Each structure stands twice: as structure tokens, then as C-alpha cells.
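Please read the structure below before turning to the comments.
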Amino acid sequence: MIKDERWEGVYSFEDSPYLMETLTDLRKIGTENISFRKGLVRLGRYMGYELTKTMEFEKMPIQTPLEKTQGVFAKDRKNVVIITILRAAFPLMEGLIKNFESAKVGIVSASRGHAPDFNIEMNYIKVPQLNPEDTVIVSDPMIATGSTLIHVLREFKDSKPKRMMIVGVLAAPEGINAVKAEFPDVEIFVTKIDEKLNKDGYIVPGLGDAGDRAFGEPFKVSMLPQMHNLE
């Protein structure tokens, strides 16, 4: 895990050959949906493990079958809330939660419009009660403009949890700048920080639309009436 000196509290995993190989597979245009999803799960699991190293723990006395000794209790690991942004973040969350088995989970449905406005639409939020001792992890594969994450974080800023993190696959400097400008204390962990955004608001070189690549291209709204006629 590498601290990026351009920002406070921003980290990447560019020093991990395993994650870089997994990211390479995700970038390839020919990677199938199932392989893409599995790759996101692997990234989430590895990054979740690395996050546990940043959490507080305390020593505690325990009794083994042979004698008394000292054990470790990672108390922060028991107070995790993972907030997942539909839909591409589901595989990432699946990997994360393997490190935080008792985590509570929140779901947010949010989507970003097209250039030049990039308007954000949020139509569903279901999040557990947040407490002062909680570590909140917002999972979103792509930190592009940062506008979606900013809208999500605004919903919870008054809860004042112990820590607020964003875990993603790729980020653009523009997105990190936007998030940090409004939420300077939020910690950001991504597999890699890419070069920039293009005129359409996509990260480049990037990996395309993570949701479509993980789950397939969705039906267009205009096609929904045709679905009813199939019965």
C-alpha cells in the first residue's frame, strides 16, 4: 500500500503485482462478465485485508488448551458499515465483506448523467444507523468526477462516524480533488490512480463502464414495454 503524496489520506496498491495483474485483466476489452466480476471480488478481498492493518486493536488475555497467553482483539473490525453504490460495487463489496463478517451493509442507488452537466440522480437509500464508533466503507469501483460519491457522503456527514473510507478500483485525480475539497477527512483507497478524465467523464486509460462489464449492458427504458408483451 502506497501513500500518494499529492493528497492527505489517499492510498493505492500499485506496489502489489497480484493486484496489478488482476487490474490488467479487468482493463482488457475481451474480458467476459463473469471474469470481470471475479476480478472485482479479488480486489475487494485483498484491499479489505489491507484495511484491517490500519484499524485499532488491543491485546487481551486468553487461555489455550495448554496455558495462558496474549491474544488480539481487533475492535474496529467489529464496527464496520459497508455502503454499496449500485450496481458495479456489488462484487467489490462481496470481496470486502469477507474480511468484515459482522459488517452491516447499506445500499444506495445513484447514477451520473452525461456530459457536460453530469447530474446525479439518487432514488434509493437504505443504510443502517451509523454510530460514533463505526468505520464506514463506501465501495464504488470508479472515482471519476467524484460527484456520485460526494452526493452519497453528504447523506451521512452529520452522523460523524469514527472513520469514513472510500474503496475503489480506479480513480482520476479530478475525482479525488473534488471529494477531498468537500470531505478532507475521508480516506481513499484504490487499486490505482489513473491519468485523467476524458471529455465524457470517463477515467482513462480506465476499464470502461464497470457496471456493464460486470453484469452486461442493461435494457433501455424504451424496451421495457416490449418485455411485458413477452408473456
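Including glycine, each Cβ sits where the backbone N, Cα and C put it.
Remember, predicted model here, so these are calculated numbers, not experimental data.
If you check Swiss-Prot, you get these features:
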- Lys38, Gly39, Leu40, Val41, Arg42: GTP binding site (BINDING)
- Arg87, Arg112, Asp140, Pro141, Met142, Ile143, Ala144, Thr145, Gly146, Ser147, Thr148, Asp209: 5-phospho-alpha-D-ribose 1-diphosphate binding site (BINDING)
- Ile203, Gly208, Asp209, Ala210: uracil binding site (BINDING)
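Structural mapping of features recorded in Swiss-Prot.
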{"residue": "Lys38", "record": "GTP binding site", "DSSP class": "helix"}
{"residue": "Arg87", "record": "5-phospho-alpha-D-ribose 1-diphosphate binding site", "DSSP class": "coil"}
{"residue": "Asp140", "record": "5-phospho-alpha-D-ribose 1-diphosphate binding site", "DSSP class": "coil"}
{"residue": "Asp209", "record": "uracil binding site", "DSSP class": "coil"}
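Of the recorded residues, Leu40 (GTP binding site) and Ala210 (uracil binding site) place their C-alpha atoms 9 Å from one another. Counting other CB atoms no more than 10 Å from each candidate's CB, the binding-site residues Leu40, Val41 peak at Leu40.
Considering only the binding-site residues Ala144, Gly146, Ile203, Gly208, Lys38 (GTP binding site) has Gly208 as its nearest partner by CA-CA distance.
Cα-Cα distance from Asp209 (uracil binding site) to Asp140 (5-phospho-alpha-D-ribose 1-diphosphate binding site): 12 Å (rounded to the nearest whole number). Among the binding-site residues Gly39, Val41, Ile203, Gly208, Ala210, the ones whose Cα sits within 10 Å of the Cα of Ala144 (5-phospho-alpha-D-ribose 1-diphosphate binding site) are Ile203. Counting every protein chain shown, 27 other Cβ atoms lie within 10 Å of the Cβ of Ile203 (uracil binding site). In sequence order, Leu40, Ala88, Pro141, Met142, Val169 constitute the residues six or more apart from Ala210 (uracil binding site) in its chain with CB-CB distances below 8 Å. Comparing the binding-site residues Asp140, Asp209 by how many other C-beta atoms lie within 10 angstroms of each C-beta, the top residue is Asp140. Of all the binding-site residues in the record (Arg87, Asp140, Gly146, Ile203), the one with the smallest CA separation from Arg42 (GTP binding site) is Asp140. Between the CA atoms of Gly208 (uracil binding site) and Gly146 (5-phospho-alpha-D-ribose 1-diphosphate binding site) there is a gap of 16 Å.
The Cβ neighbour count for Met142 (5-phospho-alpha-D-ribose 1-diphosphate binding site), using a 10 Å radius and every protein chain shown, is 27.
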